[in-house]
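K.L.:
My questions all concern the structure below.
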Protein chains: 2
Amino acid sequence: MINALRFSLLLLGVSFSQGFLNDLFDEEEQAERVVQPSKYGSLWPLPQKVQLSEVSFKLNGVSFKISDAKESTAGSSCSLLQDAYRRYYEYMFGSFKRQEGRKSRHAGPSDLTELQVWITSSESDCDSFPSVASDESYELTVDQPYAVLKAPKVWGALHGLETFSQLVYEDENGAKSINSTTISDFPRFAHRGILLDSSRHFLPIKVLLANLQTMAMNKFNVFHWHIVDDPSFPYLSRTFPQLSQQGAYHPYTHVYTPADVKMVIEFGRLRGIRVIPEFDTPGHTQSWGKGQKDLLTPCYSGSKLSGTFGPVNPILNTTYDFMSQFFKEVSTVFPDAYIHLGGDEVDFSCWKSNPDIQKFMKQQGFGQDFTKLESFYIQKLLDIVATTQKGYMIWQEVFDNGVKLKADTVVHVWIGGGANDEMAKVTGAGYTTILSAPWYLDYISYAQDWQKYYKVEPLNFNGTDEQKKLVIGGEACLWGEYVDATNLTPRLWPRASAVAERLWSAKEVTDINDAFNRLSVHRCRMVERGIPAEPLFSSYCPREYRGV
Amino acid sequence: MINALRFSLLLLGVSFSQGFLNDLFDEEEQAERVVQPSKYGSLWPLPQKVQLSEVSFKLNGVSFKISDAKESTAGSSCSLLQDAYRRYYEYMFGSFKRQEGRKSRHAGPSDLTELQVWITSSESDCDSFPSVASDESYELTVDQPYAVLKAPKVWGALHGLETFSQLVYEDENGAKSINSTTISDFPRFAHRGILLDSSRHFLPIKVLLANLQTMAMNKFNVFHWHIVDDPSFPYLSRTFPQLSQQGAYHPYTHVYTPADVKMVIEFGRLRGIRVIPEFDTPGHTQSWGKGQKDLLTPCYSGSKLSGTFGPVNPILNTTYDFMSQFFKEVSTVFPDAYIHLGGDEVDFSCWKSNPDIQKFMKQQGFGQDFTKLESFYIQKLLDIVATTQKGYMIWQEVFDNGVKLKADTVVHVWIGGGANDEMAKVTGAGYTTILSAPWYLDYISYAQDWQKYYKVEPLNFNGTDEQKKLVIGGEACLWGEYVDATNLTPRLWPRASAVAERLWSAKEVTDINDAFNRLSVHRCRMVERGIPAEPLFSSYCPREYRGV
């Protein structure tokens, strides 16, 4: 019979252990599908190079500190780092309070009392915004007399702090411990994103911030904010306030004010996360029409106006005047170098019904090919946005329709069938691309679907090495039809964590059993940090979620 | 173009309106799949008889009170009712405070200032536990000078209070209003349950209580507590404390103490909810074996003990001694007249491997028919439990295997394929039955699967009227493999609400569009009461969920 006390200790041990308990346990427990210790502990996503030793040190919340290395180019004046030190101290020690004066009295010979953070580049990026070109690498050495985290830029330091915190575990007596470790790490892909949709359901700021926090725990670095769409327009525009006044679910309680947006962006920046807004046109714009007269195409039923509206009206000059002003504002509000311009799923039926549109089609010689009209609109829009000095991302249809794109355009592949062919085509045409097709997390199903997301290989398409280099990453998309503040977070995590590892770790990291073991503990760590990340399978966390 | 301000008001109006705004809105909004007002407002589940008028009264939190009618047989000494008054006052008015002295000053002529609750039976049941035979009916008249809620027993009064609170809505100025209404109501089925599984994941008490609250909002009246199973044994037994000491995920943090269990039962009672525990044997008992030596069957690999264990060992007298003592305790801890004894999914392979079992089979003349051995065990168990004066519920296999059952046994039909045939068979044999087969809510899928649950007709099997009367209800089951405190509540609600209406309302209540409209608002009401019930589709609630 299995010794149940040992069984309990096993689970506790696993939950925050380094994984050196492996040999203590036999196959019986395996049969019970209990989480097994991974040799990589609970590291998630797995770093590129990890050397773990069995030498362990104690971490004492009273004496432990995270400090700037003397040689660091970002010191106490770098609030991004100081903020991160506080955050990770709290993640590791909770409500313990560090007491400077008592340090020497409490530190024993096997204690690790300090983590020194050393930014090595002359430009630390402390006060910058992250970009697709940001250096996110870091090197972490955990050893006495102190641990050292070296990174060229603050972005790597942020990731290294997360990794350091993931190395901390509780020994059998509940004492915080860490093993002597050397890690050298950098992301496989530069663009690792989460798409959230705040139009189909309004997502309170609190929800967005909680998910930015969780993204940082998973080394995601892009928040793709699908901020408006058909159902509602919660973005409060200074230039066109009537857009949200009329188009939001509610003009006061269901909008993002300029201050809200600023907060989201800064909250992301402090965690190395870019905020890329999507203002999708010419389709998906029903809510725009409520506050902007004549922006949408009036549809006809036979020879009469039907009273309904279609996509943005591409034949009026006023449309382009509006877009110029609107995107001028957007380009200043959002500091990222890229804006996502959408361009997906344009329904032609309303355009077809409208005699003015038909006339315009004739004048332009488009025949009955409405993709040409769509491209006409998009082309003008891209040219407008190009004048704001921003780069743009677009959904794959824009590329498919042959629109002339700037060289730095990012094409976003999302259509499930034939995604590999599409990746080959887009990169074959020389465009950078990101992949979302296999990672539509709004589609839910019974059991462990994270494994499906985990098994995706983004470069598994026919193409040259040059083409593959054009794939800069991917995004997990959580569309909002069935998701709001009540269920978003447990639905997203840890399912998106599977995508996080795929986009960060080396291509060879594909052991699904090891992933299960690490991810199980990683998810309990998210729970312990207050994030209601759902379970992978029957199991428990030492400290269960405290919300309801 | 749709007037967007009106659009906003529509949504607000719908959210807590009585449904008299219908004619204000045209088909355009329909096309947007916006929630439309139902003529039954947000009543859920729909009462048996509803007469609504357009005469409306204001409800003023300062002056409104819920009081005992003079003639009531349950007055101020009935803490169940007093507790319910406070609860529903808070649901309706939130943080407003009632101020007795200022009543006359604030009440206007169109105000409704009082709801009188009148228990009519000489036995109010105030201090009793609810049972399958409890009278849950009530009659509610909302009119001036005061509203009257009449019910034979407190159970009906609880339901009537919920219904009254569902009639309250906010007018366009945010003032609480209620329309003149007459309702006569009673449940179609007496047994309306939710199964939660606290073994595969431990469910903190806070989660259980939140769901009991939500059950009351949906007029469910049975909490089927699948408290232990293979993965863990969180029930702290006074008689056999080693069961949870060894078999729980953790002996202190992941157990239900006697005080916890008592609290859950009383919390349920105060809401008219029975708590029926399930102690499933002889299968699903791996966790029992950890703390109770020789309880489980040792499995063999060839001629050697394999070290693993199978179902409860049915050939030892010690097994039955243990069960006698254990169920004696259970029968005193849980006041309900029924205990669920499980009996599902017994795996015979371990029994087959064991030479002692084989010998016993021979002695008994069972041949190689292990269902006979299973029945042998179950029969002895049922006889043991019968001595505790409890009735029992069992999963359908026990009936299928021909075990001799007490006349008052409830057979629980759960197997998906052929459930209608099974219902016909069970009721044909004269047993009462409850249905769960179509309501396994742990199976999730994309989009509005609540409709699938809603469309089930429990009596849609071949059988006589007498047989159909034996169907006393059903249960929505949320098994715990993929569910814990992080995601249980939004996964259960409002999907279980669909089952609630099917089990409470008249058979003819099947309009899925009207259900969508009422349920959308009902779900926002749950959200407003602090329950993270997930959305049905793109939409919003006036006050979104405040947790994360």
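Positions of Cβ are set from backbone N, Cα and C atoms, glycine also.
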K.L.:
Choose one of B:C477, B:C541: the cysteine that TrEMBL connects to B:C524 by a disulfide bond.
P.N.:
B:C541
K.L.:
So among the disulfide-bonded residues B:C126, B:C524, who's got the most Cβ atoms within 10 Å?
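P.N.:
When each Cβ's neighbours within 10 Å are tallied, B:C524 tops the list.
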K.L.:
Could you round the CA separation between B:C126 (disulfide bond) and B:E345 (active site, proton donor) to a whole angstrom and send it over?
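P.N.:
The Cα atom of B:C126 (disulfide bond) is 40 Å away from the Cα atom of B:E345 (active site, proton donor).
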K.L.:
Given a 10 Å Cβ-Cβ cut-off, pick out the one of the recorded positions B:E345, B:C541 that has the most other Cβ atoms nearby.
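P.N.:
Ranked by Cβ atoms within 10 Å, first place goes to B:C541.
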K.L.:
Count the residues of the domain 'Beta-hexosaminidase eukaryotic type N-terminal' (B:43-167) that DSSP assigns to helix (H, G, I), to strand (E, B) and to coil, and report the three numbers in that order.
P.N.:
36 helix, 33 strand, 56 coil
K.L.:
Which of these recorded positions is closest to B:C78 (disulfide bond) if you go by CA atoms: B:C299, B:E345, B:C350, B:C524, B:C541?
P.N.:
B:C524
K.L.:
Of B:C299, B:E345, B:C350, which is closest to B:C524 (disulfide bond) if I measure between C-alpha atoms? They're all recorded positions.
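P.N.:
Closest recorded candidate to B:C524 (disulfide bond) by Cα: B:E345.
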K.L.:
Which one is it, among the recorded positions B:C299, B:E345, B:C350, that lies nearest to B:C541 (disulfide bond) by Cα separation?
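P.N.:
Comparing Cα positions, the closest of these recorded positions turns out to be B:E345.
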K.L.:
What's the CA to CA span in angstrom from B:E345 (active site, proton donor) over to B:C299 (disulfide bond)?
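P.N.:
Spelling it out, the Cα of B:E345 (active site, proton donor) and the Cα of B:C299 (disulfide bond) are 17 Å apart.
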K.L.:
Can you tell me the three-state DSSP label for B:C299 (disulfide bond)?
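P.N.:
Assignment for B:C299 (disulfide bond) reads strand.
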